[in-house]
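Listed in Swiss-Prot:
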{"type": "SIGNAL", "residues": "1-21", "note": "signal peptide"}
{"type": "DOMAIN", "residues": "59-231", "note": "domain 'FAD-binding PCMH-type'"}
{"type": "CARBOHYD", "residues": "ASN125", "note": "N-linked glycosylation site"}
{"type": "CARBOHYD", "residues": "ASN193", "note": "N-linked glycosylation site"}
{"type": "CARBOHYD", "residues": "ASN281", "note": "N-linked glycosylation site"}
Amino acid sequence: MTRLSLQIIAGLAGQAWLVNSDTPSHDAFASCLSDASVPIATKGTPEWTQHTTPFNTRLQYEPIAVAVPTEISQIAAAVTCAKTNGIPVTAKSGGHSFTSLGLGGEDGHLVIQLDRMYNVELAQNGTAMIQAGARLGHVAVELYNQGKRALSHGYCPAVGVGGHAAHGGYGMVSRKYGLTLDWMKDATVVLHNGTIVYCSESEHSDLFWAIRGAGSSFGIVAEYGFETFPAPEKVTNFGIVLDWNPETAPAGLLAFQDFAQTMPSELSCQIDVRSTGYTLNGSYVGNEASLREALVPLLGKIGGHLEVHEGNWLEYVKFWALGQPNIDITPPADNVHLSLYTTGALTPSLSANQFRSFADYIATDAIKRGNSWSIQMFIHGGQYSAISGPKITDTAYAHRDKFLIFQFTDFVWPSQEYPEDGLALGREFRDIITNSFTNGQWGMYANVPDSQLSSGEAQKLYWGKNLERLETIKAKYDPNNLFRNPQSVKAAARCATRPLPLQGQSLLF
């Protein structure tokens, strides 16, 4: 079924409850979902609360309905009902969007909650079929237990593979194995009219190109096909507390960057900056002895004490889970909730002056604010990075030429009111990093979205040189912009056009 193109029509009767179901449009939508037997979370129940409470409680949005499918035909039926009634549709996998895009990034969406579709099946040839609702920890455990195989992905086990793979998929072995989307061989996608299509390099190849970097703008990916690789026998995780001060930090950062230009692909790492100081941590695909040898050219220049943890692949995954006792996360599963703001940048190498400005800002403005902020500077590129191998135009992921990824996060607990100066703090940090670059020299990672960007700013920064082609493909596969959020790709002929309102309503989007 997953390789057929078909139109799903209404099925058996069921029952559905919707938000504000007091208008003709909402009543028609409710009836459509009911007639099609689409499972729905009921408002006022613990299930509704779980599905609609965002990871980032600073940005809370109210869906019109939450569909909880267990099979692809139910996704298609729900999408058909939404299209008929002019209701925008958003997929939600693990629900870890920093800007609540899994809830639509605005009120009034039909949310397709995919976490009941989490099956992972490994074939004898090493390929895997993974449903989009599977969490990364579950994917890692299943691939390893079924055949000692692995997939390159991020390190938070609760993140859903759906959005992670759709926009990139960076993790602590990515310089060796590339991004998650680099291992995608095919996908099964529900389009705006309820049609189910199979896409790959040979079938619907333009759609396949688009979903590897901008997937949420084009349909609901129900299932991915991935190539996998033999799980490494040894992965060595490490950390170094750096005894840097405002005077020594710029030279240390520059030395680290210089080392990273030619460091082996087996090594992926980051500088982590907090009010307490700087640390260097990462992972090496190999044993402890090989890691120590690889770090020799660096350690004498940056100082600090090296601590290591050697283990197998699943021990690597557990190490980065930061104390979570269970990485094999399946439903019902809830997320930690924070009130936060994130921003970031993908950039070329930085100059000595830029690192000086970076360190000065940390030592003055950032420290004085007292916010619970953190900054990560990941190594994305380099001479031996697998991420840098493909061309910018090979997939919709547009940042193959970038060397560094920066991520800024500022948070408080949900019970606290988020301080408004946190937004300014993040923007000021990003500006210090990017002000020396011209337009097009830097970008942003769509999996670390910035809620403060306008639609146009976000699209240019997330997709860069690939945006124009994405807009053309959007016009072909989603001409009426059903799959949308405030920062998603718009169809070429409709880039300056307002989305259609719900029938019988006038909504501001």
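In case you wondered, yes, glycine gets a Cβ from its N, Cα and C as well.
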| Sparsest Cβ surroundings (other CB atoms within 10 Å) among the glycosylation sites ASN125, ASN193, ASN281 | ASN125
| said: What does the structure give for the C-alpha distance between ASN281 (N-linked glycosylation site) and ASN125 (N-linked glycosylation site)? Integer Å is fine. | reply: 34
| According to DSSP, does ASN281 (N-linked glycosylation site) fall in a helix, a strand, or coil? | strand
| request: With H, G and I counted as helix, E and B as strand and the rest as coil, say where DSSP puts ASN193 (N-linked glycosylation site). | output: coil
| note | For the domain 'FAD-binding PCMH-type' (59-231), the averaged pLDDT of the predicted model is 98
| query | Per DSSP, ASN125 (N-linked glycosylation site) is which: helix, strand or coil? | reply | coil
